[in-house]
Amino acid sequence: MAAHTISTAGTVNEDLAKERAKCNFNIEEVTNLLDGGKENTIKRKNIENISLDSGAHIDKIPEECLGPKERYENAVRKSCVYAKIVRDEVLTMTGMESFGSPVLRRTSDAFFKEISPFLLHLGMFVPTIMGQATPEQQAQWLPRALNMEILGTYAQTELGHGTFIRGLETTATYDPETEEFIFHSPTLTAYKWWGGGLGKTVNYCIVVAQLYTKGVCYGTHPFLVQIRDEDTHMPLPGVFVGEVGPRMGFHTADNGYLGFDHHRVPRMNMLMKNAQVLKDGTYVKSAKHGKLSYGTMVFVRVELVYEVAFNLAKAVTIATRYSAVRRQCQPRPDQPEPQILDYVTQQHKLFIGIATAHALQFTGYWLWDTFARVIGEMKEGKTDTLPELHALASCLKAVSTSDAASLIEQCRFACGGHGYMASSNLPALYTFVTATRTYEGDYTVLLLQTARYLIKAWEQAEEGKAMTPTVSYLVHSAYNRKAKWDNSCEGITRAFYAVAAGKIEASVNSIRRRMKTGLSFEDAWELTTVQLVAAAEAHCRAVISDTYWKETERMTSSSSAAVRSVMRQLNELFLVYWVLERTGDLLMYSTISGKDIIELQQRYEELLSQLRPNAVGLVEAFDFRDEILNSTLGAYDGRVYERLMEEALKSPLNAEPVNQSFHQHLKPFMQGKL
Ligand SMILES: CCCCCCCC/C=C\CCCCCCCCCCCCCCCC(=O)SCCNC(=O)CCNC(=O)[C@H](O)C(C)(C)COP(=O)(O)OP(=O)(O)OC[C@H]1O[C@@H](n2cnc3c(N)ncnc32)[C@H](O)[C@@H]1OP(=O)(O)O
Ligand SMILES: Cc1cc2nc3c(=O)[nH]c(=O)nc-3n(C[C@H](O)[C@H](O)[C@H](O)COP(=O)(O)OP(=O)(O)OC[C@H]3O[C@@H](n4cnc5c(N)ncnc54)[C@H](O)[C@@H]3O)c2cc1C
């Protein structure tokens, strides 16, 4: 026991209590807005109560104090406990539509400081069966997968290739004699690498492999492959599977490797919605678009936008509450040390995080609606809106994951030394979210996919062709190269579109100029990629700003005046922040002047001080239960120091007064007897 442990359990930190009293809007009203309605809030809280009130999620020893093996085993145990609660209690109450819902994802954070080994089963295995299998195949596999009688993952990336899917080396060669595919890894670099849950947990997986039939390669296709015996869990003959070893985060996800030595799989295990191999080996392609087999990736990219918004919301809640409790320095003589939340630089670090969490959540839900619409159209045989969805999902995934990771790291900085404590939960949030910038398509690679679409859109605008909605701004820009500056939210958004258009045009001109010197299109493109990435990022920032502004107006149209006002302030802060971050671009592509920029800097500082009294109220509107935040610094009661000490005392190193290494190494070393 530490000497100065004083039990304050049941009390609330005074400063935090005062912050709550200062808040001038109805917090619950904002919570309802963020949940998409009061009914959804009630439903969410119900699910949280059912899942967490029994305390089944509580660890005796903090997860990060366990060794890698014990940590994984504990994560499997808790996954089974949570899955059982969800299956037996939550889904029976809410019906199957809750399966895979953001509420279950949110609640799962109380069980896993990091990640469940089941995440890929729910996040990619089941969605791939739903999206890529025929109705007959779905009828065969889905009930067992949904009931978790089989567990799966998504094994696409190999040691040699992740980005370049066409370069994958695993082969699936059809044998009409036995009506089977023969899976083989011809090289070391053909080994699958990274699949979440693959190392030890799953017995099935979606394997993406080069399909060969009748001596012809038809490119990559998804297959459902059994890799372990359902009873013994032993790898099947011809299957080499294991865990990839320690990594920066994802410690409890048992990311795995997988190789095949002529492993045979029934023909009907090819996911046949978009292409089929008939019994005699004839290949038939039914898909109307060549990239439909990449559908699961688009689905996850769409989900990731609100997934990272959720993680950012947790980080800013922790850092804002802590900043209300923490006092440091004495800027004015004879005055008490201020709360660090009173430092304007601290507000600058945190409030953009709160605003970005809103911006990404609103954009994420808007993108989800767009995705649902395109999927609906595809069911009717229409695929012409898929390229626009792919371009949108690519850039929004890239920018949202990158911004969220940077802002979560900024929240850690904002908490000083204590932010570096694992018990603050900020390190785990960062390592989890920074991975999202890479997986499901690397940042640069995805922005270049969007750039391809934008360059084509520019050419279509030049030719006077009809434009799809998200690039219709290019039509006007051809005639209006310098946007007239106007510092309203609408005017700022318009200027961001002008920046995007200007950068797209500059990229097009660079490519054309280079091609005129005799370079091929590919070489000219490559030399222009720095500009192309910047153009795609600018396009994405315009889309986020536009969506956030319009959604704020729409969502708060019937809110109370106080809620509408604080939501608008946050929205304006976001827009002005990005104007100040991008003044160079705006000077180039709009009529903004130095005087406007000085005025906007002042406006930004005004917004910081207007938002200051509502800061704690705003993060509390995210309505995270302590179990979900999992943080010594961010708990509702603000007992920061007590909780830090309580967690420190749980460290296995504190279980004994003298560690055996003293007798074994230190003492002989210090006494010169080594
Ligand atoms: C019952 C109880 C349950 C209880 C438990 C509950 C607990 C939890 C509750 C709920 C859970 C719910 C889960 C939700 C959580 C969400 C988080 C999810 C986390 C998941 C974790 C994921 C881990 C990571 C997984 C992976 O990383 S998988 C691997 C991903 N890999 C990639 O992304 C590779 C990136 N590369 C590519 O995408 C492509 O190769 C490329 C870069 C696009 C290039 O491809 P290719 O070479 O083939 O194409 P090009 O030649 O460049 O282009 C040709 C044209 O095609 C167009 N194109 C390309 N891609 C697409 C596409 N996808 N769609 C449409 N069009 C596409 C391209 O633009 C070109 O067009 P053109 O017109 O210009 O020619
Ligand atoms: C935590 C984690 C979990 C994962 N889980 C899974 C999983 O469950 N299943 C699965 O299949 N995969 C998984 N992955 C793999 C992931 O999808 C890939 O790592 C990702 O797609 C990036 O591919 P890569 O590793 O081949 O990177 P590379 O493509 O080798 O990238 C390396 C660098 O090269 C650059 N680069 C590559 N190509 C280009 C280009 N054309 N133009 C310009 N620059 C380029 C990139 O920008 C990057 O800077 C996971 C990865 C991580 C980190």
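Cβ atoms are placed via backbone N, Cα and C, with glycine included.
Here Glu440 (active site, proton acceptor) comes close to Met297, Val300, Arg301, Leu304, Lys397: these same-chain residues lie at least six apart in sequence, with C-beta atoms under 8 angstroms from its C-beta. Marked as active site, proton acceptor by TrEMBL: Glu440.
The number of other CB atoms found within 10 A of the CB of Gly196 (FAD binding site), across every protein chain shown, is 27. The FAD binding site feature in TrEMBL is assigned to Thr157, Gly196.
Here TrEMBL flags 26-151 as domain 'Acyl-coenzyme A oxidase N-terminal'. Confidence over the domain 'Acyl-coenzyme A oxidase N-terminal' (26-151), given as mean pLDDT on the 0 to 100 scale, stands at 93.
Annotated domain 'Acyl-CoA oxidase C-alpha1' per TrEMBL: 294-455, in sequence order.
Annotation source TrEMBL lists domain 'Acyl-CoA oxidase C-terminal' at 490-671.
Spatially close to Thr157 (FAD binding site) yet at least six residues away along the chain are Lys192, Trp193, Trp194, Gly195, judged by Cβ distances under 8 angstroms. According to DSSP, the secondary structure content of the domain 'Acyl-coenzyme A oxidase N-terminal' (26-151) in residues is 90 helix, 0 strand, 36 coil.
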